[in-house]
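Undergrad: Have a look at this one.
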């Protein structure tokens, strides 16, 4: 045991051996918290003589549980099997298996997984004729989970429902709970809620568990939610000692219910607790840590700590300012190519971004340059539902002669978007239309133009869809290609559907597809909608690289707990990182979480950290892009920055026009290198709406782009 303690630094040793009081361990990124936790449990067993089963260690993932068990076995051998190491859900199952009958549950109650939850909801979808694409099971289940976690029962949910979507989900919740109780079953949320109710309600059950446990440990304490914390407190008896381990600077899951206040106020709930800070980092070089420390220091709601390391390495942070969203991925791809050529394995390289939509430009360039990659914990850009839907709408609008046999491929596009958004064209109707198409040897869209032998209701539904597509086609020449996509998504009701469902992330992805079209047009001004769709089809049909030796692309949230030799933190633009929507909705608390997210991203890097951003126009932000405000918080002495720092906009989403004067006014005559002469009819931020002649129509253009010039009077 002494040999184990001898390998710990002084604060780690103090954390492992302070056993006479409650302990709060503030464990900085890469500070060896799991090692300390295992050393502490080993110390309790081997040095103090605590029986292993009287020690509890709570984790929040099966992976963490297995890692702890393996590491403890390496330290103390077979005694590790007796220590109670489990996820909080597994612990609650044990509590409920023993005494759940007090709440009316059988000993062998059913634990429902996602498939079971869908099975409960499926009959109601069918009975109420609900479109599963418009209202996916996952959204209904998520709503039910949110209500349960917030302590809202079905009756209250119905009263609080705002609008038809929430009313529908509240109905699902009511029927779901009735069926669940009838089955005497529990979902994952119920395991926590019912265990808490049992411990609160039944004093003898609570005291039984308190008498079993002398030492309780909670890992990743910064991510606990109020329900989980309440369970921990109920299990902590008057003589037990509670040890919590976490880092408030890495609280990035408040959207899942986590509360940074829980770890910050722990000393108020347990006044006799000792706080021990682990600030020696065993992962990153000092320049990376200095920059990370400087950024997170701007947060107010935190426990002060300064990470340091004794690891060698003085490589500064590489800052890369790029002209646009084409130059940025090209720059990063070149750096990755050079690093790999110098011997760095692809798997030790990560490209991190704030939101999923940012993967698009990097996926494209990595494929073009032959660098293998995988999307960690998510879908590739062109595999996402809303992107497939948008491309199918574009395919329908890029029509040739519907009688052309090649146009039978339109059937797939029709089937994909016919009920996106919902148009009440059911499966039986579609089957009849397909049968008719087969008999008449024409495609599905042609049948919908002239459905024969079907009722008036079917005819009217088909007519509505066909009229929409024909209207969209009729206005194709009125818009630039990128704006045409926006027009389609708006007129079809697709944007409205996503907004009603609060799926803003999916709107962001479509805006990124708009960015993709604009980027391709810059590269090839002669590109047509047809050639763009052909290129996308070729791009998405290529062999999958996701197995084997690959560069890792992921969101910062997905990167939590991981580390890489080289990290590229990309799209570091104001409004993207920090997220404009998060800050607008959550104010300063949300900004602090965005900064914590930045801190997590930076501390994933072991030896090399590159931060990049780009200029140009953003269709998502509807303005020219500027660097993130967080860049100003990184001292230039730890970077390769020039004398003048980047100057991001001082306020969230301040229009680019406030910093850069638009070179013309409404009513001015302008000339475009491709579209010819036109008149400016509207100016908004950095966007000029220009009316060209009837062959070109109205275009929305970047007012600062060199292709657009004012005509001298």
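The backbone N, Cα and C atoms fix where each Cβ goes, and this holds for glycine too.
Curation does not apply to TrEMBL; its annotations are automatic.
So TrEMBL lists the following for this protein:
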BINDING   27, 28, 29, 30, 31, 32, 33, 34  ATP binding site
DOMAIN    6-285  domain 'UvrD-like helicase ATP-binding'
DOMAIN    286-561  domain 'UvrD-like helicase C-terminal'
Undergrad: With DSSP assignments reduced to helix, strand and coil, which class does residue 34 (ATP binding site) get?
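TA: DSSP call for residue 34 (ATP binding site): helix.
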Undergrad: State which of the following binding-site residues has the fewest other Cβ atoms within 10 Å around its Cβ: 31, 34.
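TA: Counting other Cβ atoms within 10 Å of each of the binding-site residues 31, 34, the minimum falls on 34.
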Undergrad: Around the recorded ATP site, report the further residues of that chain (criterion: Cβ within 8 Å of the mean position of the Cβ atoms of 27, 28, 29, 30, 31, 32, 33, 34; site residues excluded), sequence-ordered.
TA: 36, 247, 278, 281, 282
Undergrad: Around the C-beta of residue 33 (ATP binding site), how many further C-beta atoms are within 10 angstroms, looking at every protein chain?
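TA: There are 21 of them.
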Undergrad: Compute the average pLDDT of the predicted model within the domain 'UvrD-like helicase C-terminal' (286-561).
TA: 88
Undergrad: Under DSSP, is residue 29 (ATP binding site) part of a helix or a strand, or is it coil?
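TA: DSSP assigns residue 29 (ATP binding site) to coil.
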